[in-house]
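As recorded in TrEMBL, the features of this protein are as follows:
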| type | residues | note |
| --- | --- | --- |
| COMPBIAS | 140-155 | compositional bias 'Low complexity' |
| DOMAIN | 53-434 | domain 'ABC-2 type transporter transmembrane' |
| REGION | 131-155 | region 'Disordered' |
| TRANSMEM | 16-40 | transmembrane segment |
| TRANSMEM | 242-263 | transmembrane segment |
| TRANSMEM | 284-306 | transmembrane segment |
| TRANSMEM | 312-338 | transmembrane segment |
| TRANSMEM | 350-371 | transmembrane segment |
| TRANSMEM | 412-435 | transmembrane segment |
Amino acid sequence: MQTFKTALRILWAHKLYMLIYLISFGALMLSLGISSIIAAGNDTNALSSQTSGISSSSAHHADSKLPEANIAIINRDSGNLAQGLRDYLGSSATMVKLQDTPQRLQDAIARNDVDLIVIIPHGYAERFEKAAISSSTEPSSNGSADNASSQSSNATMPLADTTVSYLSSEGSLAKIDVNGYFSELRTVLASGVQPDLPSAVRYVVQQSKGSNLSPTVQVLKDAADTGKSIANSFGLTIKLSIYPIFMAMTVCISLLIGVFNAPETRRRLSASSVRSYALSAQQLLGGVSFGLVCWALYYSIVLLAIMPFNHAFSAISMPAIAMVALSQLACTLVSMAFGFMIGQFRTSTVVSNAVATSFGLILMFTSGAAFDPSVMPQAMVTLGKLLPGWWFTASINNALGMTTFQTPSPSAFGWLQSIGLVALFGCVFVCIGLAGGRYRSTHTEFGMANRITELTEQ
């Protein structure tokens, strides 16, 4: 086993490549995937709290509640009409005090200090009450840009002046609530529910206390949807591993093969009493051991990330986890086969790094790991299907039962087909590497025939 130990020492001597490609890039991809797993897991915990009777809506209100508008109400009239409007909007908006001067009002709008200004003109309450009792015309507040159209369509109803900040969408929404206030007042007065305006104002404000002008919106997911979300995040994390694993395996294995294929090393191995197939088997065992350790560590980290959110395999079943593990193992072995192929051509370290980085990016962006294939150009989809990365991600989709553009009908048989294609790519890489190595060793311009001849003559 001396050759096996030597192979491991060679890999350890070049641990900088493992640090750069496997640890650094692997940590980056793991952080992206695990953050998605944690987000999906938090949704699961929230769902569990809701189903057990524990209200979790307060944790979501801050995110889902409609934004409050800053409203200034200028009362130039007597009575409680303006105060009623403040009470009516109090639960859905923030009241802002402004001095009733033209300069201050203009500055507030120009500097976006307020979203909406409502001005109750002098004598407005009396005119509104008379018009509401004598007419059922729908009132509305007029903005600075549509005074003429509002007055023509509501000629019998007095209009409160409103000005909306040009930068504010909240102000436009708040104006709808203002119109609703005056509309309810008109309805109460016109129907005779209340005899006068002060009573109508109190009635409308009291009724508004039982309603919510700024409702909260909360999207609830059932357990099946949440389980799929965790499975999707788990699959995404494994898919992203194609980039660091492919680069690390390609560079390290090609470097290992290149060292053993060096002319001096080959002469020493040829003079050894150990059979050549035993030496090759030990080299292969060293490379495979390195790949298995890297695969086991990466997959273990991902499993630890989903363990808190996969109690009793509720979100992802044990067979699915095993199938995904085999898919990633196949990807690791294919990456090693590609590195073996590069090493057989005796490329330099610079070339090996360049090929690994470039081809790794191509695999990630054409496989559907970086983004969904449904948004990819057709040329990228066609290219992806000619590479092992596409079938690696398709095998994960089939294993987890994920219906995507890539796998419209996921199944165990589909997973077996995809994993078989991935393995076939590995066999092709090994065959090309063996053919390339044989060609170099049998041709004088590539092999050692000239050097051996010189040594024999000496």
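Placed from the backbone N, Cα and C atoms, the Cβ positions cover glycine too.
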Segment-segment contact (the transmembrane segment (284-306); the transmembrane segment (350-371)) at 3 or more Cβ pairs under 8 Å: no
Restricting to CB pairs under 8 Å, which listed stretch, 16-40, 242-263, 350-371, 412-435, is in contact most with the transmembrane segment (312-338)? 412-435
Excluding the flanking five residues on each side, which residues at least 6 beyond the ends of the transmembrane segment (242-263) place their CB within less than 8 Å of a CB in that stretch? 7, 10-11, 14, 17-18, 21-22, 25-26, 28-29, 269, 283, 286-287, 290-291, 294-295, 298, 328, 331-332, 335-336, 338-340, 342-344, 346-347, 349, 352-353, 355-357, 359-361, 363-364, 367, 369, 389, 392-393, 437, 448, 451
